[in-house]
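As recorded in Swiss-Prot:
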type	residues	note
ACT_SITE	Ser473	active site, proton acceptor
BINDING	Cys50, Cys123, Cys195	[2Fe-2S] cluster binding site
BINDING	Asp82, Asp124, Lys125, Glu447	Mg(2+) binding site
MOD_RES	Lys125	N6-carboxylysine
Amino acid sequence: MAFNRRSKNITQGVSRSPNRSMYYAMGYEKADFDKPMVGIANGHSTITPCNSGLQKLADIAIKTIKDAGGNPQVFGTPTISDGMSMGTEGMKYSLISREVIADCIETAVNGQWMDGVLVIGGCDKNMPGGMIAMLRTNVPSIYVYGGTIKPGHWKGKDLTIVSAFEAVGEFTAGRMSQEDFDGIERNACPSSGSCGGMYTANTMSSSFEALGLALPYSSTMANPDDEKVGSAAESARVLIEAIKKDLKPRDIVTRKAIENAVAVIMATGGSTNAVLHFLAIAHAAEIDWTIDDFERMRKKVPVICDLKPSGKYVATDLHKAGGIPQVMKVLLDAGLLHGDCMTITGQTVAEALAHIPSVPSADQDVIHTIDKALYAQGHLAILKGNLSPEGCVAKITGLKNPVITGPARVFDDEYSAMDAIMANQIKAGDVLVMRYLGPKGGPGMPEMLAPTSALVGQGLGESVGLITDGRFSGGTWGMVVGHVSPEAFVGGTIGLVEEGDSVTIDARQLLIQLNVSEEEIARRRANWKQPAPRYTRGVLAKYAALASTASKGAVTG
């Protein structure tokens, strides 16, 4: 049986002689034209430690695909470092890079008639961008995550990149010495690999394991470790078998599979960005999945992993404790996973987990049993109210003050808000309203890790609320609400809030409310005028023109 189902369109027949000439220039032989053409979307980059260790994974995938009878075709995908661009205009390109990555992979795979694709990525948007492309093209595919960074250390404490962000607030508030500030900066990131807590990169990679399009244990391996190279090689072998069986992403990514992925996100305390990305992933798969489905899942899936940012441990600790397979086994036995979902290996979820113990090891405290869950319900809540009738996203577990009503401190950009925080002008009880930062208004929904971390560092993480139509980093915690929809730029109520207005965030009632009369809101709405777009040319302008509302994933098509 021929396995070059697609690539034969570009390699076979008399009319394709010029095509073959170009392949011969790259060392191909005649027999190679009967083999599958397998794309390797390589996200290697020296921009960020998240991606600086990916080339070795691409190299082993190339060798393995050749050895298994395929023709590897390598092409690059871009990346943006969320951590480095945070707090700058560059952060506006982060979410946009999700769309660019998806478009790049779709363009290469379909333009070159590839028979399958292995996607390698590291930083946050690499994962959803790659998955969206895999689902759009729907050729046999597998995701190879670059792996997590190892924790840093300073004076006996484990560090992550969030430690450095929070140190900024502590230092400016006079709560940290210069020695400790410099020590944390120098030691927070000790190796290659993606940010080490259950932040966005590790959240998305973990969910891809649960989804069935990444190999077991692959999402919690550290990039510097040899097992990560071994996992990449095995991923390439599995992909060749999937090509032979014509097992495609849309055979695997069903509504039930998305429920499995979201269950793992809830159980591990994952990033708010997962809400946005899975709306986009479902859209690419043409699956009916809405923002309200996250709330439905939250109510039935407990948090069973004690992981940063709100918990104690990092991804390497989770790996030692049994990784995502152990988390999934606990959920499966509790009836919280669909065991009949297919995975890229050809096994069902239940078959893949058959050898995993039902009870996590007693010599670890990372993964809990259901009866000893950290929180009885999930942490990613969908709040609604007159400030966000389409819904917005908040992390609500572990809050000492689940309800806050306070005066609005209104900022139309991130930088003025950050200046106010650094000048100690924000006080306990305030509710920061940061707006015109949505998909169209930002544009690009920049993340607010810099201001939220500064608040935490100043000791205000539990006593100040923050509302935005932008996003939050996976490293954010506290009384923060993002993805407010409709956004300010299209006339959402968040754009009508005035300085000093009373605003309520109620995590118990899942309510977000501007405490102003309907008549007053109507008056303000009648007087509101849409501001001029911040960008009129280039990729930011393109995204602003095309992006959907955050409640539908901020997708472009």
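Please read every residue number as a count from 1 along the shown chain.
Positions of Cβ are set from backbone N, Cα and C atoms, glycine also.
Recorded features from Swiss-Prot, shown on the structure.
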{"residue": "Cys50", "record": "[2Fe-2S] cluster binding site", "Cβ neighbours (10 Å)": "31"}
{"residue": "Asp82", "record": "Mg(2+) binding site", "Cβ neighbours (10 Å)": "32"}
{"residue": "Cys123", "record": "[2Fe-2S] cluster binding site", "Cβ neighbours (10 Å)": "27"}
{"residue": "Asp124", "record": "Mg(2+) binding site", "Cβ neighbours (10 Å)": "32"}
{"residue": "Lys125", "record": "Mg(2+) binding site", "Cβ neighbours (10 Å)": "28"}
{"residue": "Cys195", "record": "[2Fe-2S] cluster binding site", "Cβ neighbours (10 Å)": "31"}
{"residue": "Glu447", "record": "Mg(2+) binding site", "Cβ neighbours (10 Å)": "32"}
{"residue": "Ser473", "record": "active site, proton acceptor", "Cβ neighbours (10 Å)": "29"}
Where the residue listed as 'active site, proton acceptor' sits in the secondary structure, as DSSP reduces it to three classes:
coil
Env. residues of [2Fe-2S] cluster site, Cβ within 8 Å of mean position of Cys50, Cys123, Cys195 Cβ:
Thr48, Pro49, Asn51, Ser81, Asp82, Gly83, Gly122, Asp124, Ile149, Gly193, Ser194, Ala201
Quick one: Cα separation, Asp82 (Mg(2+) binding site) versus Cys123 ([2Fe-2S] cluster binding site), in Å?
8
Distance between Ser473 (active site, proton acceptor) and Cys50 ([2Fe-2S] cluster binding site) at the Cα atoms, whole Å?
15
Return only the integer: C-alpha distance in Å from Cys123 ([2Fe-2S] cluster binding site) to Glu447 (Mg(2+) binding site).
14
Listed in sequence order, residues not in Asp82, Asp124, Lys125, Glu447 with Cβ within 8 Å of the centre of the Mg(2+) site Cβ atoms:
Ile80, Met91, Ser94, Leu95, Ser97, Cys123, Thr200, Asn273, Ser473
Using DSSP, would you call Glu447 (Mg(2+) binding site) helix, strand or coil?
strand
Candidate binding-site residues Asp124, Lys125, Glu447, pick with smallest Cα gap to Cys195 ([2Fe-2S] cluster binding site):
Asp124
